[in-house]
Amino acid sequence: MAPTPKYTFTERAAAGNLSDAEILNSNNPTGSELPDESDVVVGGAGIHGLIYALHASKYKPNNLKISVIEKNTRPGYKIGESTLPIFYTWCKLHGISAAYLLRLFGLKDGLCFYFLDRENQGQYTDFCSVGAPGLVLASLQIERPMSELLFTILAQRNGVNVYHGREVDFKSTVVQGGGQGNKIAVSRGKYDSTPKTIDSALFVDATGRFRQFCSKKAPRHRFDGWNCNAFWGYFTAPKDESKIPFDLYEGDHTNHLCFPEGWVWVIRLPSWEGSLIANLMDMVTYILECADAGVPGDELPSSEELARMFGLKFQWVTSIGFAVRNDVKYPEDLSAYGTREAEQKFNYFVQKYELLQQFMSNFELIENLYGPGTTWFIRKTLAYQSPVVSGPGWLAIGDACGFTNPLYSPGINVGMSTSTWAAQLSHRIVEIGKSAPADAAESSIRKLLVPYDDYCKSLVPALEQMNRFNYVCYRDTRLGPQVACLWQFFAGIERYLSDVNIETFAHYAIKWVWGAMVPEYQQVAQKCIEHIETVPLDERLPDAMVDELLAFSNRIKSAAVAADDFSLRWDAILRSFDRSLNFVEGKTSRDIYTRQCSGCGAWLQLRPDWKKCHSCGLLGTEPQTAVTFDPPLTAEEEALLYAAWNTAPKYDPSKELKLPTPTRPAA
């Protein structure tokens, strides 16, 4: 039976006429006032700052006092909305499974790619990888204000203090090694400019691309050659997808529309924008109480029912954006395409490609979804790296360490390797600082962080090479699906996830990195980059070059498949490939793990125990909830699948961690 809904925060906010920051801070375990000392101070309550704090509190409960400082008065808008099974697995380790998460977020069932032919308008190829059966795993499309609010409340329930409306004063802050030597200056709020000083052993830079502390140690590094710019907006989410001009299109995928200059992301997700923060806090708290009580999925209120219960705004939207190379040559005058740069470049590419025009005719622009001036967004020169990610008394996590591109969503999903590993290391850092003289402590901490520094130093170039590999392959409709996507999933599919626990999660994440550090993957990636980059972007790749790269990739693939020590049902996971990862033109069969609600149009996981739409509450029939396995499972496969998702050996965290440093050809 579900708990009784409570309106604690709504009533508290009304009684005290509390601001957003005040009502959020009132939920801290030690209250709203900043502490005099804290083992760890985290700068930034974005997704990685909160993942760090939650992971540290769960890894060794009650061992560290953690204070998270966030300048915004409430969780606010950020781009980065698509997650992978690794993110869901981490959420599940923290007590929140799919039944509860899907009341707040959208379902994601794998990734689909459409490769547009620039020279033959209207023609395309595709690649599709499904997700996983709902009884085992899930993936989510998340609106960031909601994910950050969920993690804020969950962190507070785990003993972490999260202070909104407070800002680290980096000019006055003193960070030094050797134990408890940090003096973190924090503003008290809008109407009190006198900073409060917090004594701490460790400062964590979780300020994302702004790199507020990292930037003091070294300027950001830009990679040679072309970079990428992104421009995007928010659109309606059509219930009827039948008019979309791509075969077998489904809104439950993260859809990628790829072309020689870049690609478009298409992400269908729910938005709670416009809701009062106190009301949202009441709803999230209720969801967490339901999770604690183990309320079955079909006994939970749907998202629409929750919105009515707690007086919230709720709608489905579509995030659509371009991530395009910055060496593209645009017309000198773009005024015919709109009034702002983001709008102009967005519409320029829509009109350049016939299929993009047809596609966008199914969507209507939502103006100012996240407040005035938020109809169009643009971000330039996306890729960078922080040369220094730790030092005496501090370390960096997430995008503060570097970022490459939204393609394959590494920012959240791969970035979790830094935030969770740093969380585990922090316990040892603080222990060393308390148990040894300052100089000896700092020497030990420096040695402890060498592997972390080396990992971050190799991680971002590996992701940059991965990004460039995919981009250059998008220049041909054969290389996109048969080389880039094939290798991304063969090397990077998330194996062993069912065996990961809170102690081994970081080690798993460090080794995964979307397959970008797998030697065979790097071999194919470097070959493609070396060859394709010799051809100007506005020219078509020669057929002889494409044939050579296909043959090279297939040789490496065949050897890797033969040597692979585990079996996956590749013909069921990938739409156009057989079990040995051979491309099969015209093959459309695959497993089916989702269905679309006939009422609201939301995409739902197929599970025998879930007949209710998590979005609108409409009940389905038993046949509608059945998974289709194509090809059918053997008895052994069925037993293994429901036990562990795949037939791989158990994940062994004691395996030697090898971190090869990838090399990238000169631009």
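Backbone N, Cα and C atoms are what each Cβ position is placed from, and that goes for glycine too.
If you look up Swiss-Prot, you'll see Lys108 marked as active site. Within 10 Å of the Cβ of Lys108 (active site) there are 28 other Cβ atoms, across all protein chains.
In the three-state DSSP scheme, Ile412 (FAD binding site) is classed as helix. The Cβ of Ile412 (FAD binding site) lies under 8 Å from the Cβ of Ile47, His48, Gly80, Ser82, Thr83, Phe87, each of which sits 6+ residues away along the same chain. What Swiss-Prot lists as FAD binding site is His48, Glu70, Ile79, Ser82, Arg144, Val168, Asp399, Ile412.
What Swiss-Prot records for Glu494 is substrate binding site. Other Cβ atoms within 10 Å of the Cβ of Glu494 (substrate binding site), summed over all protein chains shown, number 22. Mapped onto three states, the DSSP output places Glu494 (substrate binding site) in coil.
What Swiss-Prot lists as Zn(2+) binding site is Cys597, Cys600, Cys613, Cys616, and the listing cites experimental evidence. Long-range Cβ neighbours of Cys600 (Zn(2+) binding site) (same chain, at least 6 residues apart, Cβ-Cβ under 8 Å): Lys239, Glu304, Trp316, Cys613, Ser615, Cys616, Leu618.
According to Swiss-Prot, the region 'Flexible region' annotation covers 621-646, on the basis of experimental evidence. Confidence over the region 'Flexible region' (621-646), given as mean pLDDT on the 0 to 100 scale, stands at 81.
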Rounded to the nearest angstrom, how far is the Cα of Lys108 (active site) from the Cα of Arg144 (FAD binding site)?
15
Just the number: how many Å between the Cα atoms of Asp399 (FAD binding site) and Cys597 (Zn(2+) binding site)?
36
Compare the C-alpha of Cys597 (Zn(2+) binding site) with the C-alpha of each of the recorded positions Glu70, Lys108, Val168, and give the closest one.
Lys108
Listed in sequence order, residues with CB under 8 A of Val168 (FAD binding site) and six or more positions away:
Val41, Gly43, Ile69, Lys71, Ile184, Ala185, Val186, Ser187, Gln212
Length of the line joining the Cα atoms of Glu494 (substrate binding site) and Lys108 (active site), in Å
15
Measure from the CA atom of Lys108 (active site) to the CA atom of Glu70 (FAD binding site) and give the result in Å, rounded to a whole number.
29
Under 8 Å by Cβ from Ile79 (FAD binding site), same chain, sequence gap 6 or more:
Arg144, Ala230, Trp232, Ser319, Gly321, Phe377, Arg379, Pro406
Among the binding-site residues His48, Arg144, which residue has the fewest other Cβ atoms within 10 Å of its own Cβ?
Arg144
